[in-house]
Amino acid sequence: MKSMDKIVSLCKRRGFLFQSSEIYGGVQGFWDYGPLGVELKRNLKEAWWQDMIRGHNDLVAPAGAPAPFEMVGLDCTIIMHPQVWKCSGHYDLFHDHMVDCRESKKRYRFDQVRGRWCERGDKKIFVSTLAEVEQELDEVRRRAMKFFKLRAKNADELTISDESLTLDQLDDTESVLAPDAKSLGTLTEPREFNLMFKTTLGALGGEDDTTFLRPETAQGIFVNFKNVLDSSRVKVPFGIGQIGKSFRNEITPRNFTFRSREFEQMEIEFFCPPDQSQAWYRYWRDRRMAWYTELGLSSESLIMREHEPAELAHYSVGTADIEYAFPFLPPGEYGELEGIAHRGDFDLRSHMEGKLNPDSPEGQPMQVELNEHGKPKYRGSGKDLSYRDEATNEKFVPHVVEPSAGADRGVLAFLCEAYTEDEAPDDKGNMQTRTVMKLHPRLAPIKAAVFPLVKKDGMPEVAQEIYGELKQHMNVFYDDKGAVGRRYRRQDEAGTPFCITVDGESLSDKTVTIRDRDSLEQTRVKIDELSFALIERLG
Ligand code: GAP
């Protein structure tokens with residue numbers, strides 16, 4: 001049975017993930033990748049870069065566009081000109097609503113505090129909690145019993161509604177028992193909280209020198225659009241990809257790495273003529289979904305969810321999320337892995353003319369937002385970010401389709417999917433439960449482990465030689481400690497697809513066994529042909 005507790009514990013025990021600054025008690029929302037985790041995450045990012053950017057060669061393009069179309073990369077800075085965030089809309093609009101509790105002095109994200117209406121006699125209160133959904137009802141009951149000073153034998157005096165609601169679904173918070181409070185009505189009115197981390201440029205920095213750690217990698221791509229066009233001779237439609245850190249001061253980071261304050265994104269901004277944008281939107285939705293299943297996420301655990309109009313980000317005219325059934329969610333619920341947004345010309349036009357007004361009349365091109373003096377609220381760069389099509393001589397501001405994936409959420413989804421408990425024979429041939437991480441060979445941190453069966457009779461020397469040879473091609477691991485069955489188990493937990501064992505026969509006939517992590521099959525191959533055999537199996 002897959003449980004988040006078991007996955008988190010394996011991640012720590014085997015060195016996939018550690019809490020940041022753990023020896024000082026940790027810091028919420030920040031995670032470090034251990035020796036296995038860093039390899040897994042690099043492999044995921046490299047698979048993305050190879051499949052989407054460097055190795056991209058898709059011969060099918062929609063809307064009659066030439067194929068393969070071009071995909072190039074960028075690596076931009078985390079700190080950018082403060083004006084970037086004003087024109088992008090993040091300065092004014094990138095916020096969550098939070099509430100503070102006057103009693104506990106704690107702060108919560110308004111839309112994340114859940115709870116239920118509880119009634120005893122003629123008194124009805126809303127008992128809130130931050131507990132996971134599975135524990136919500138028990139926790140609400142426990143707190144309500146305490147609030148009404150009820151003993152277990154009088155539990156039937158309490159009625160708890162079936163419906164779980166969030167604070168933002170209530171009309172007011174007067175009857176709310178806050179998650180860590182003893183009295184009612186202790187929550188403040190919801191307030192906006194900008195999620196960008198502030199920082200100051202230079203030693204003497206004043207208000208004008210305040211800037212932000214980027215909350216998305218996308219803006220670096222938009223502000224370099226013209227540089228890429230002029231330096232690479234790419235032609236619209238084409239895409240620019242970037243992998244890098246982003247930072248968001250999340251009010252309630254949680255669910256392991258799912259909602260972190262520092263995380264990595266893998267983003268593509270795909271620039272196309274306006275009349276092709278719907279076709280490209282559909283193209284990227286399908287292509288990105290297929291990428292996850294090709295790397296091993298099961299299609300039963302993935303859904304594509306089209307956003308409701310009210311959910312759309314300020315720049316978006318259409319967004320679909322690829323969502324995964326993370327085990328920390330109740331059955332039937334999914335968490336976002338990647339968003340594919342149709343951003344129209346919002347970003348390029350904002351960086352050209354000044355921030356566009358998301359409240360512009362529907363059905364018309366967005367207008368630049370004006371201040372109280374009727375002047376642009378935030379001036380754009382004034383640079384011409386439009387594109388002239390050489391063939392038609394038509395000039396337009398390209399529309400953008402943005403597949404935006406989280407590297408850390410991707411790693412988490414692949415870890416959850418890979419976690420498996422099955423049966424395998426131990427050293428004495430008895431069947432035992434084993435924990436195995438069934439990671440796709442492209443993602444597996446270690447591709448093969450090399451073992452001498454015993455630590456004598458020349459076996460370690462042969463194994464070391466094989467290890468040295470394989471290291472030139474892939475990440476391999478050498479282990480000569482303990483019973484061989486135990487060594488297999490350790491590699492199963494690390495997700496290593498193949499184990500190579502040097503035994504007595506190896507010394508005479510120059511062969512070794514390759515043991516397959518998933519089928520447990522063992523095949524003998526010649527040492528001379530081992531690298532080739534492994535590379536072929538790894539695909
Ligand atoms: N440029 C568009 C953009 O940033 P987003 O939906 O806010 O869109 C894209 O973020 C992806 O980045 C998400 O689908 C998720 O995978 C990842 N992501 C966003 N916030 C995150 C967080 N706090 N922790 C981990 N990953 C996050």
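Cβ from N, Cα, C; glycine included.
Caution: TrEMBL annotation is automatic and unverified by curators.
Sequence annotations record features per position, and here TrEMBL assigns substrate binding site to ARG109, GLU216, PHE263, GLU264, GLN265, MET266, GLU267, GLU402, PRO403, SER404, ALA405, GLY406. Close to GLU267 (substrate binding site) in the fold, though at least 6 residues off in sequence, lie GLU216, THR217, ALA218, ILE221, GLY241, GLN242, ILE243, GLU402, PRO403, SER404, ALA405, each with a CB less than 8 Å from its CB.
Feature annotation from TrEMBL assigns coiled coil to 123-150. Within the model, the coiled coil (123-150) shows a mean pLDDT value of 93, rounded to a whole number.
According to TrEMBL, the domain 'Aminoacyl-transfer RNA synthetases class-II family profile' annotation covers 196-445.
The Cβ of GLU250 (ATP binding site) has 18 other Cβ atoms within 10 Å, all protein chains considered. GLU250 (ATP binding site) falls outside any helix or strand according to DSSP and counts as coil. The feature ATP binding site is assigned by TrEMBL to 248-250, 258-263, 336-337, 406-409.
Tertiary neighbourhood of the coiled coil (123-150): same-chain residues 108, 112-117, 157-158, 160, 164-165, 167, 170, 175-179, 182, 184, 252, 328-330, 333, selected by CB-CB distance under 8 Å and a gap of 6+ residues from either end. Within 10 Å of ALA407 (ATP binding site), counting CA to CA, the binding-site residues ARG109, PHE263, GLN265 contribute PHE263, GLN265. Filtering ARG109, ARG259, GLN265, ALA407 by Cβ distance to ligand 1 (under 6 A) retains the following binding-site residues: ARG259, GLN265. The CA atom of PHE263 (substrate binding site) is located 8 Å away from the CA atom of ARG248 (ATP binding site). Cβ neighbour count for GLN265 (substrate binding site) (all protein chains, 10 Å cutoff from its Cβ): 21.
Its Cβ taken as reference, ALA405 (substrate binding site) is surrounded by 25 other Cβ atoms within 10 Å in the chains shown. Between the CA atoms of GLU250 (ATP binding site) and ARG109 (substrate binding site) there is a gap of 9 Å.
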